[in-house]
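Novice: Below is a structure I'd like to ask you about.
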Amino acid sequence: MASPLKSLVIDDNRYQKSFQLFLERSSEHQCMQDFIHNTLPDILASIGDGKSHLNVIGVGSGAGEIDLEMLSQLRLKHPGVTVDNEVVEPSSTQLHQYKVMVSQKPNLDYIKCTWNKMTSSEFEEQWRVKKMTKKADFIHMIQMLYYVKDPGATIEFFQSLLDNKGKLLIILVSGESGWGNRSQLCNTEISQCVTTGDMKSFLDSKGVSYQSYELPSQMEITECFTEGDEKGELLLDFLTEVLDFSNTASPELKAGVLELSLITSLWYPILLNYNPNKNSLNHTVLTTSAK
């Protein structure tokens, strides 16, 4: 019997609403900004091998805010370079917002953007069909491996595109985060309950070296516990990646998700002043190099 649960990504309008609310209720972008400004520069300094032109691929780039922050740091570490920025994003809404931001933001003349409205799997297929030989100096995959059928194979493909001294950056929910322990509630037809713990095991099995960085993050989830609260329902949609989760999930599944949210807070409180309705969503950054 087919599951009544549907992926949130099939309703782009609701996805955008839930995503924006998630950003408002969480410290996700702030912890990424801290990483980009304090840690990423040293990583970016090691790429390029002295070249005057760098190739970058953003996989699941969203509206581009994080992408442009990283490209700004890349420019600081490699002044005078030009950048070919290959953007892979399936959401037309997000891609449009990215294009608008690029058109309005000053001092981006060193960047040439190529827009690919497609999933990472479609991008991979297109790359193989065209028999592309272009290599990338920096590839980033932020919070997107949940949406591919085979995360390990996806990593292998993009790692194969790295040039000498190139870097692949992956950001996912941490295997040490309480929310990373949600596999028993996961519907793999909708998304993968993959964590950086899984990806570390995969890379270890392949003998691939990598560096790992923890990003502490939290989310205000009080509204999720109020029956019928519109914002709470949107947050649950985003957290579970299920469209209209509150009204389509079984009572048992819904109770399990809410219980996990509370347990998560108990396992990994970030604030010194403990709030039982703050959910720890720690993330981990993995960086690896060309084979």
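Each Cβ is built from the backbone N, Cα and C atoms, and glycine gets one as well.
Pasting the relevant annotations from TrEMBL:
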- GLY60, GLU89, GLN94, SER120, ILE142: S-adenosyl-L-methionine binding site (BINDING)
Novice: Any idea of the Cα spread of the S-adenosyl-L-methionine site, GLY60, GLU89, GLN94, SER120, ILE142, as a max distance in Å?
Specialist: 15
Novice: What other residues of this chain sit with their CB within 8 A of the center of the CB atoms of GLY60, GLU89, GLN94, SER120, ILE142, the recorded S-adenosyl-L-methionine site?
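Specialist: What remains near the Cβ centre is GLY58, VAL59, SER61, GLY62, VAL88, PRO90, SER91, MET144.
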